[in-house]
Every structure is written in C-alpha cells, then in structure tokens.
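Step one of this worksheet: look at the structure below.
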Amino acid sequence: MSSSVDKVSQKVAEVKLGSTKSTKNNKSKGKGKSNKNQVVEDDDEDDFEKALELAMQLDAQKQAQKKADDVPAVEEEEKRVEEKIEVHYDPISTFYPDGNYPQGEVVDYKDDNLYRTTDEEKRALDREKNNKWNEFRKGAEIHRRVRKMAQAEIKPGMSMIEIAELIENAVRGYSGEDGLKGGMGFPCGLSLNHCAAHYSPNANDKLVLKYEDVMKVDFGVHVNGHIIDSAFTLTFDDKYDDLLKAVKDATNTGIREAGIDVRLTDIGEAIQEVMESYEVTLDGETYQVKPIKNLCGHNIGQYRIHGGKSVPIVKNFDNTKMEEGETFAIETFGSTGRGHVIGQGECSHYAKNPDAPANAISSIRVNRAKQLLKTIDENFGTLPFCRRYIDRLGEEKYLLALNQLVKSGVVSDYPPLVDVKGSYTAQYEHTILLRPNVKEVVSRGEDY
C-alpha cells in the first residue's frame, strides 16, 4: 500500500513541476501570449489527470495482487461471514396442519407382554394418552429434521459455537417456541474425542472441529416439557467406523431388550455383551471397545431429563423394572480408553434441582443470586441450560451468582465427563415410549 502511495506522489510532483515551469516560461513572453498559455495549462492538467489515473491503476493492481496472495487466509473468513446469514425455519406445525405428527418405530412387546398388542383395554389406555404421545412425536420430528441438516452442514474448520448455534437456532425455529412451552430440551452437547458428555461451548470458546475428531452430537427438543433425548456420533475419518458400529449396535440392543416389566440390569448385561464383542484398530493399535460403565440411560419425566431410574450399560444387579407409561432414553457410550469417566474442565451445563430442599432456596442471601434464580425459573424451570442461554437473555456478570446457586444446592452443575486423554468415545441414543400396548422408538430416523 505504502509503495503505491509513493508512486502517486511522485507522479503528481512531476506533473506539478512541469506545470510550474511551463507557466513561468509563458508568463515571461508577455501578456499577448495569454491564449497560448491557457492551452499549455490545459495540457498540463490533462497530463496530471493521466498521471493520477496511471498511479491509481498501479495501486489497484497491487491491491488485487495482495488480495490474491491473501486468499488462503481471507477466503475462509469471508465464507464464514456469508454462512452466518441466519436461516429461517418455518414452525413444524406448518407441515402438519392437522396437528398429528408421525409415529416413530413401533414394536410389539414380546413374551409375557405380547397380549398387550391386541388387548382392547390396553389399546383404550393408549388412546387416552394420545395427546402426550403426539407431543413427543412433534419433538421427534423436529429432532430428525435438525440432525439431518446438521449432518449435512457440519464440516471441519467450524467452531464449536458455530455448530451449537446452527443446531439450536434450527430447533427454536422449527419449534416456534423458545422457553417453557417448547424449544431446546437441554444444551447442545458437542463432546470431542476422550470427552464423552456434557461439553457445550461457553462464550468466547475458540475450539474448532478437526478432520480427525470424534464428536458426540447430543441435543434435546421439548414440547410442553416432554423431552426428546437423542444423540449420534459424527466423524470424517472412516478409521472410526468400527467404534461407531459397536456403539450403535449396543444402543439398538438396549432398545430391543427394553420393555414393560424388564429388569434394568438385564438390559445392561445385554448391552455390555454386544459392546465388548467389537474391536477397533486405530493407527496400527487394536482396542477392545469398552462400555463406559459409569454412564447410563435414564427415564424421562416432564421437564425432568433424569426421572430417577438409570438404565445401565453393564450388568449391575439393579432389579428395578421398567413400567407401563414410562419414557426412557436408551443411550450407550463406547470407549477405546478405560471405560470410566470423571468430571473435568470448564462447566457449561446446569439445571435447577427439582429436589432441592425448601431451606436451600430460603438460604440464598445474595440479591444477584435471587435475581438469577428468577430468570432461571421463568425461562428454563427444571430444564437443563448452559451459560450461552443465560447470555442470550441479556444477563451479565452472573457467574458468581450462578456459583452461589450451585453451592446452595438449588442448581446442579454438570461438568464435562472425560475418559483418559488420547482415547476416543462414541455415543448413540434414542427416546422410547413404553405405551400400554406397544413400544415406540419415537426418535428413530433413517439415519440411525
């Protein structure tokens, strides 16, 4: 840039100098030469304009060359700016004007519960709850559409914040709601590699998705508190295929074994057997795929992502049974590491504790913490949320207040859950409805 400016200055100086000399010479020849002098001055102005135009052309050429040289560095950023144009999503209700949403995969019960399929009493009970099932189906249809878009759009080089907002904005758009009536059922989890769960980017997170990453995409959609909890694993390198296959097979095994009156430990035992039958070879090293034994599925309550029952992915001797009318998230996690996770890293996931004792709330003395709790109650209730969701509401300087709520037991924090560094983890998950007469894998799609 500076060299081009110097050339402009040089050309201008040369023309001005020539113009001055011509004017002086003409003046010395007397007044009778005024017309000729005017012609000379006009010629000088033409020369000046030509010189200036030439200099500007040189500068433009140099800038064009500089831009061409900078394309590798600038092109991606310009592309990012274009991609940040907000996409509009019509509410899902516009596609289903009659208000009836498609069923998921419907499976008959087996063995002693096979009678339920044709039993008229059970069919009548099922019809009574059709509005509830329909709200789950609405959430599931939103989930399917959003994840189909995400699977097509997510690419290496995108930041975690870009990916999270891509998914969350689509959920809010299709829901036509953003709050207690509908929208995000819990924060979009984007846990990478040895991190198995509960990572979502906080503001100013600089982490970028890489080609060699293994990313668990776990997000929820709710309709009036009825939550669809479903997850998949995204990779770009096919060397991880056997890891993903193992976990997908294990999850489908859990779904197949689940049902009314089934013991939770029996489901865990079946999942473990399938998961451990797989091996994956990465960079010449072969690993047995291990179930992450301290992660499990769970039942889902209205506005409660964890309803109190846990579905293990290993045998654990829990003889608790699944019951009619319950909703479960069947999820499995496989790892090339220890098969055990610990909480580690900056926390992003939080939820109000629905079982917090009354004196925990009354013990809050800090006004800022009370104000923040009011914001949480009004916007999330007992649904999980993350810091970015609080940011969207315009809250500032709230971290100390949030930590105070956690310390008091009113809010629970859920830090990232990680296996040993250098290992890889995968996850697949579906929501199932234990209807009185059939089992419905409500979040099932063509993808998984």
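Every residue gets a Cβ built from N, Cα and C, even glycine.
The shown structure was predicted, so the numbers you read here are calculated from the model rather than taken from an experiment.
Listed by TrEMBL as binding divalent metal cation 2 are H298, E331, E429; the candidate from D205, D213, D229, D237 that the record includes in that site is D229. The divalent metal cation 1 site recorded in TrEMBL comprises D229, E429 together with one of D218, D238, D419, namely D218.
The residues near the divalent metal cation 2 site, meaning same-chain residues not in D229, H298, E331, E429 whose C-beta sits within 8 angstroms of the mean position of the site's C-beta atoms, are S230, A231, G297, I300, F328, A329, I330, H430, T431, in sequence order. Long-range neighbours of H298 (divalent metal cation 2 binding site) (same chain, six or more residues apart, CB within less than 8 Å of its CB): I305, H306, G307, K309, S310, V311, F328, A329. Within the same chain, the residues at least 6 positions away from D218 (divalent metal cation 1 binding site) whose Cβ sits under 8 Å from its Cβ are C188, G189, S191, A197, D229, S230, A231, Q427, E429, listed in sequence order. The most densely surrounded of the binding-site residues H198, H306 is H198 (count of other Cβ atoms within 10 A of its Cβ).
Taking the centroid of the Cβ atoms of D218, D229, E429 as the divalent metal cation 1 site, the other same-chain residues with Cβ within 8 Å of it are G189, F219, G220, S230, A231, A329, E331, Q427, H430, T431.
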